[in-house]
Amino acid sequence: MLFWTAFSMALSLRLALARSSIERGSTASDPQGDLLFLLDSSASVSHYEFSRVREFVGQLVATMSFGPGALRASLVHVGSQPHTEFTFDQYSSGQAIQDAIRVAPQRMGDTNTGLALAYAKEQLFAEEAGARPGVPKVLVWVTDGGSSDPVGPPMQELKDLGVTIFIVSTGRGNLLELLAAASAPAEKHLHFVDVDDLPIIARELRGSITDAMQPQQLHASEVLSSGFRLSWPPLLTADSGYYVLELVPSGKLATTRRQQLPGNATSWTWTDLDPDTDYEVSLLPESNVHLLRPQHVRVRTLQEEAGPERIVISHARPRSLRVSWAPALGPDSALGYHVQLGPLQGGSLERVEVPAGQNSTTVQGLTPCTTYLVTVTAAFRSGRQRALSAKACTASGARTRAPQSMRPEAGPREP
């Protein structure tokens, strides 16, 4: 009797441990990751605005959990040269981080955001800056909307490395540029708000940051028309097992793609996919040491990136032109359009931004009886652009010309 009692207890203990291992592999844990704040500290920001931004960032981190096994934070200033206020491993408590933010001085200088983003990329992955391998990376850029140098290429490099980008703009800025820079979807990762109203978005943004830091979820990012990036937490090590990734187009089991990855992998990018298609993705951890459940996510690729194919000029007046184009792309396909007019003989450029879903605009402030090169550029979430150009001439009098389909000067191009 004693033998069966001991055997029953041992069996119950083994079953309990197995259940515990499975549950530990599939339930949520505390957020863990490296959080970098990139603040516009240049002379384009007033001292009052900078003080309000500091208060806002302090409010964001107030209820977050910081420590070696939780979140870590760093602050980098945008100026003529990037400057680190504190590194990821400099402070281990939320209160110490708040105190450091509260006394951070404004650096002034030019707004070289592109330079600061390249610097931030190094900081996010440098162990000497306290960054940790294999944890989620989040960058929060607070800006007045302007930059003295390009931000698109360094932002894309960060996103290609799996960094989640949140942008808070307290000024007007370039809408299309900011939409392309932020992680998708834009409604979750991009905020336009007056500097005095920053506290209004603090709770929502804090929740979004925390969601991005959750380590237990397989998730997709950088979704394009031909592929997307998958990321997951470090569930295994190189010595404890491996992963199998499965990719199944909706309703097409026969075309399942599989990829085996080492146990220390935390990301993979699928390419050569079909546009506007649903894919079921499964991450299967294989290990003799840990019992971990598969993780699943559904991802839909974007529609194909097709730029304008025809430009129509109408209502040609001495100081204005109406520009139309086809096809018209909706918000699901493009971020929007740039319409630019420049005199062929040289002179100032006129530029208009048009939201996705519209395919015409009237450009004002032109010179009478002048030939212009009209360029319509479609901007996509991938950061790519496609453009088409045509010639147009303003009228010498007040007479309106009938619409004419213009022969393109150049085929669709990708700047």
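Note that the numbers count up from 1, one per residue, in the order the chain is shown.
Quick reminder: no glycine exception, Cβ is built from N, Cα and C everywhere.
Annotated features in Swiss-Prot:
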- C369-C393: disulfide bond (DISULFID)
- 34-209: domain 'VWFA' (DOMAIN)
- 214-305: domain 'Fibronectin type-III 1' (DOMAIN)
- 307-403: domain 'Fibronectin type-III 2' (DOMAIN)
- N264: N-linked glycosylation site (CARBOHYD)
- S74: phosphoserine (MOD_RES)
- S80: phosphoserine (MOD_RES)
- S93: phosphoserine (MOD_RES)
- 391-415: region 'Disordered' (REGION)
- 1-18: signal peptide (SIGNAL)
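The shortest Cα-Cα distance from C393 (disulfide bond) to any of the recorded positions (S74, S80, S93, N264) is found for S80. Here S93 (phosphoserine) is positioned 29 angstrom away from the residue listed as 'N-linked glycosylation site', judged by their C-alpha atoms. A simple Cβ count within 10 Å picks out one of the recorded positions S74, S80, S93, N264 as the most packed, and that one is S74. With DSSP states grouped into helix (H, G, I), strand (E, B) and coil, the domain 'Fibronectin type-III 1' (214-305) comes out at 3 helix, 40 strand, 49 coil. Residue counts of the domain 'Fibronectin type-III 2' (307-403) by helix, strand and coil are 0 helix, 52 strand, 45 coil (DSSP-based). Of all Cβ atoms in the protein chains displayed, 16 besides its own lie within 10 Å of the Cβ of C393 (disulfide bond).
With respect to S93 (phosphoserine), the closest of these recorded positions in Cα terms is S74, chosen from S74, S80, C369.
C369 (disulfide bond) is surrounded by 10 other CB atoms, counting those within 10 A of its CB over all protein chains shown. Of the recorded residues, S74 (phosphoserine) and C369 (disulfide bond) place their C-alpha atoms 56 Å from one another. For the recorded site, S74 (phosphoserine), the DSSP three-state label reads strand. Summed and averaged per residue, pLDDT over the domain 'VWFA' (34-209) gives 89. The separation of C369 (disulfide bond) from S80 (phosphoserine), Cα to Cα, is 43 Å.
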